[in-house]
Structures are given as structure tokens and as C-alpha cells.
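Engineer: Sequence annotations record features per position, and here TrEMBL assigns domain 'G-protein coupled receptors family 1 profile' to 1-219. The transmembrane segment feature in TrEMBL is assigned to 31-52, 72-93, 105-126, 155-180, 200-219, 239-262.
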Amino acid sequence: MYKEDFRNMTEENMANNGSSSSFTHTNSMSAILITVYSVAFAGVPFRLHYYVNKEWVFQMPFCKMVSAMVHLHMYLTFLFYVITLVIRWLIFFQWKDKVEFYRKLHAIAASIAVWIFVIVFVVPLFCIEYGRSGTYDNKTCFKFHKELQQDSVKILNYLVIVAIACITCILLSLQIFILIKVSRKFSTSLWSHQEFWAQVKNLIFICVIIICFLPYHLFRAYYIRHVNDYEQLESYNEVFLSLTALSCLDLLSFVLSGSRLFKQNVAVLRSRLPCC
């Protein structure tokens, strides 16, 4: 029943927007994509330009590069989050008294080195190999679903989905365990203790992964299986992908969680709560 309702809704949306246009996103989907990418404008101006004008004007090779950069940003951000959490947890459990890599200069140098490697080697390889399974219109971009017809591409996508989901569950479980341990250790002065807020910042990393990255991968498992069933699924996939761009706002959450005003408000709220 649900499958039939979804099919009817998809066909209705396609009828409203016209099947002759190469830009297949509905008005509502376009509005969502424009809004999300407007928030993250600095990192994705070309996608924003495409969804506003409904036509790609930068040729296909550049489309592949822009598409690659969005995915690379997502996976590199995920990788840096995991590395940062692991280093912080090593320090927390005192498995290593001093982690030299944790110095700011080392972290910046490592980040620059990774990006240089990706831009010089990974992006060109991606642009050459990606989009070779079909013929694509130069005026339409980010429509590479034909690649999913290859079994090797499907397997790779499923492996990435499983890896992201499993790693996220492990990270969340470990962080909850650490928060419980910190809560028991500093139960009398938890809200004013620096260690507690350090763990809250760690939790923000995981929340960004859950909110921005995990929905895209969970939906993609369904999308890969039914990519040829409903054309409108491609629009939904793009919406979930656009949410990954919001990870660039993680710095704002760190500033808010670390601000003195935020901590004071939490302390006031805590004092007003009834004792259990």
C-alpha cells in the first residue's frame, strides 16, 4: 500500500513539473535544496547556482569535480571527527599521557597534507572514472544514478553505508559510557567541571555525524535498491546529500557549548529543576 501511494505521489509530482525538462526536481525539492545550500553557500556556490537557474553552465568535467568535492568533504570531515575523538579518548583514559599529534600546528599540517593529496590524486581520478557508464547531458548535473547499475559500485556503496553506520554506533556508545563515568565522578559539581564540557564537545561531533551524515547513508541503502523504480527518488537523495553540507556549522555549536553564557544558563536551569 505504501509503495503504491509513493508511486502515485511521484507520478503526480512529475506531471506537475513536466516530464520534458531535464531538471527533474520539483518546486518543493528545489526550495529545500536552495535553502540548505544557501546556508552553506561558501562551500557549495556552484550547486546553489544550478538549483536556482535549473541549468548547468560549467560543462560536465567541472560537474564531476563539484560532485566529488561534496562527497570528499563529507568523508574527510567524518574521518577527522573520528581521529579527533580517538585522540581525546586516549587522553581521557590516560592510555597515553601526551599525544604529540594533538598540538594545533601538527593538526593543521596534517589537514593541509590530506587535502593536498585528495585534490592532486583523488579528485582527478574520480573525475576520470566517475560517470563513464552512461551518456549525460551537459546542461544537467549531479545525475549519475546510472553508475549504480554496476555491481562493483553497488557493493562499494553498501560497504561504505555499513561502515558509517557501525562506526557511528560505536562512537555514540563509547561517548555515552564516558559521560556516565564523568557524571559519577563529578556528581556534585558536574555542570561547573571542565571535563564534563569537554565531553559535551565530543558529543557534538557525534551529533553532527548523526544529524548530517547518517540520514544520507541510511536513505542511500534504499535508494540504491530502488533507483530505477521512481525517478523522484533522485531528488530525495539530493536533499539528504544537501544535509551533509550543514556540517560546516559545527564550529558554531562548539562556540555556543563552550561559551560562559551558555554554561551559566544551563546551571540556572539545573538549579530550577526539581530533585529526583
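Along the chain as shown, residues are numbered 1 onward.
From the backbone N, Cα and C atoms, a Cβ is placed for every residue, glycine too.
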Engineer: Please compute the mean pLDDT of the model over the domain 'G-protein coupled receptors family 1 profile' (1-219).
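Structural biologist: Across the domain 'G-protein coupled receptors family 1 profile' (1-219), the average pLDDT comes out at 77.
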Engineer: State the non-local partners of the transmembrane segment (155-180) in its own chain: residues 6+ outside its ends, Cβ under 8 Å from one of its Cβ atoms.
Structural biologist: 78, 82, 85, 89, 92, 148, 199, 202-203, 205-206, 209-210, 213-214, 217-218, 220-221, 224
Engineer: Apart from its near flanks, which chain residues at least 6 from the ends of the transmembrane segment (105-126) lie with a Cβ under 8 angstroms of it?
Structural biologist: 64-65, 68-69, 72, 76, 80
